[in-house]
């Protein structure tokens, strides 16, 4: 099998295209009788490093990305659940207003002072629930299909939450198709009579083609038939093909390249018409008018269909096999850095019916599952690509390629709504890829707004963004269709979708990536002027030709020697360019090294200064610590020396006393005592003195400990702070009672005086009745006063009972203190007896603790005479108040 891989030019349909010189990856193999041998078979790669032409972006290239919004109608079940709360409102053709409903997170955040309850978004155009599929297609996608037929690449992707109508917008139903079947119908209706009959050129990589021989063409047709038949094995198809070829050879018909394809096409039509005719009525009368296309161009249409499920790529048009596990595909890059899906099946289609059937086959292989919001939700990103090869002439020129990709993005949904592990994993991968897409769009917008500081666009963080990379970076254009669910329960997700689309609507289409490669004719012309004077005349004769004719001239018109000369000239230019680039690289390296050396020097200087400052700070800190340590040591040793001096003075004083005693003893003693006895007595006295000193030190230590215990017990004897308020209240009540007693005493004195005056009056007057009345009133007054006094005395009794309890507790503590003091005094007396040999003296008696704190009132016997007059007389005899008949002993 021999094959050649060709990369198409970009200037076959329009004279305004800048790209003229094609890029060839591999043409070393012989392609047989079908492929021309002189198609640059002597050079493997044609490249140039001449100065690229500066491309001035036109107004079309600076056009913003189209973002369309479509609102789906509410279902009857949703109306029954009261989902229609007016949260999605279309203000005009370009403005959408979102009002947060009750129970939504946005409204709760607004009540807490975070966010807004009303949001307003602007789109390219908004379509309400009443807009049908045909109107939506004519107003949005029809112009894009027209651009694709002219050679432009377009990406159309739908975005929205689950159950918002994305798949319905892309595919539609059998009766009312979406933008994908209508795009296929419009493409094939516009290209009627201009389709290339044989699939001898097949798309490869990102924007290249490969030439197929007859065997490879049969394999492609068998692959398509196996997909359309839905399980027919390739062996059966190959036997039917061999049988048809044998019959044609028996009747004398020569099997040519075209006839084999025609026969295979007829077989495929017969087979597919019997098995998949359920949608044949859809394409019988298309409702789309054809678009004008150039008449001198033929077209070859290829389709592919794959999905991205859990960040893995699967081919949805893979032929059926016995293996249950699907084969994963790899996402690679070609030599120009353009991403492509390796081993992806590209199927050649002749009409829209075949494309629609292949779409249905791919839909059967797609990943679907039931979610919280949709019973049949697609859990993967599916991408359906239509690649059109634009062929001019007899097929001996490398074709131009245009592509229309329609992507049905999986719906975003909250992960907390997914209960099972598989659905949770799917939702996480879907949200991750959509989040990466949002990051890429935000980075592209920031780079377009701030061209001085370009940020890295994270295309490689997700498979989806790597597939979209070419359309976002100038290899094509993109369009977003936002589908909105007007239900109130999905308002928060709808708001997130609207914010995402608002960022995408600010993007500007990147200018096309066109490299200003010069034409091959310019190389030959320039080289002929420099090298061969004989070719100068021919070059001057060709100067009158038009530049477009030169760019589109056939390569076969040049001889082998001229092409070799061109190769040599290109080699010299390449060497020269490499030398210049090497010099530039060396210059840049020198500059970078110098800058790095300067930075290192600055860094070293800063580090040295920092070290010096740190060293000074550490020296100061440790000097302060040393000074503090010196001061503490000097003070400590001074105290030790002072204590030692005091002890020495005490010992010297004791020694002097002992000497004085010894001298006095010697004087009082007999002079006839022997010197030896004096020495023994002196030594014994010194020993006793030392023992007494030791005991004295021990007694002092015990005295200190006992004094400390005494202080503790004194603190314990003090009333607790919790009892202070109670004692204060008792004192206040006692003072009030004493005041009342004083008042009552004054009243009694007044009453006594009145009684005395009454007695005097009784002596002079004969009105005994008046005197009796006065006595009765006085008795009543005295009774009342006695009652008040009784109440006061009862209160005082209660207070004194409480005080007695506290006094008992204090007395117990006082006895313990006395015992301890007795022990201490006994130890002191023992020490003084041993030292001075004096008789024990009793310590002065101490007054009992709190003996006079609560003086008792003297008791008095109740008088037998309880008449009011007797009580008045007793009160007159004593100035102090005596207890009445209600007095008690306490």
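Cβ coordinates are placed from backbone N, Cα and C, and glycine is handled just like the others.
These numbers come from a predicted model, not from an experiment.
Under the heading N-acetylserine, Swiss-Prot lists 2.
If you look up Swiss-Prot, you'll see 14 (among others) marked as phosphoserine, on the strength of a large-scale study or a structure entry.
Taken from Swiss-Prot, the feature phosphoserine covers 21 (among others).
The feature domain 'Kinesin motor' is assigned by Swiss-Prot to 64-507.
According to Swiss-Prot, the feature ATP binding site maps to 160, 161, 162, 163, 164, 165, 166, 167, an assignment based on sequence analysis. In this structure, residue 164 (ATP binding site) belongs to neither helix nor strand by DSSP; it is coil.
Here Swiss-Prot flags 528 (among others) as phosphoserine, drawing on experimental evidence.
Residues annotated as phosphoserine in Swiss-Prot, with a large-scale study or a structure entry given as evidence: 532 (among others).
Residues annotated as coiled coil in Swiss-Prot: 611-762.
As annotated by Swiss-Prot, phosphoserine applies to 662 (among others). Proximity of residue 662 (phosphoserine) to non-local residues of its own chain (separation of 6 or more, Cβ distance below 8 Å) is seen for 681, 682, 685, given in sequence order.
Annotation comment: Swiss-Prot describes 668 (among others) as phosphoserine.
Marked as phosphoserine by Swiss-Prot: 685 (among others). For residue 685 (phosphoserine), the count of additional Cβ atoms within 10 Å of its Cβ stands at 14 [all protein chains shown]. The secondary structure of residue 685 (phosphoserine), as reduced to three states from DSSP, is helical.
Mean pLDDT for the region 'Globular' (763-890) in the predicted structure: 63. According to Swiss-Prot, the feature region 'Globular' maps to 763-890, an assignment based on sequence analysis.
DSSP assigns residue 825 (phosphoserine) to a helix. Residues annotated as phosphoserine in Swiss-Prot, with a large-scale study or a structure entry given as evidence: 825 (among others).
Here Swiss-Prot flags 832-865 as region 'Disordered'.
As annotated by Swiss-Prot, phosphothreonine applies to 857.
Positions annotated as phosphoserine by Swiss-Prot, on the basis of a large-scale study or a structure entry: 867 (among others).
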_Under DSSP, is residue 662 (phosphoserine) part of a helix or a strand, or is it coil?_
helix
*Rounded to an integer, what is the Cα-Cα distance in Å between residue 162 (ATP binding site) and residue 825 (phosphoserine)?*
99
*Tally every other Cβ atom lying within 10 Å of the Cβ atom of residue 165 (ATP binding site).*
20
*About how far apart, in whole Å, are the alpha carbons (Cα) of residue 165 (ATP binding site) and residue 825 (phosphoserine)?*
106
*Between residue 166 (ATP binding site) and residue 825 (phosphoserine), the C-alpha gap once rounded to whole angstrom*: 106
_Let me make sure I understand the structure: which of the recorded positions listed (162, 163, 164, 167, 825) has the fewest other Cβ atoms within 10 A of its Cβ?_
825
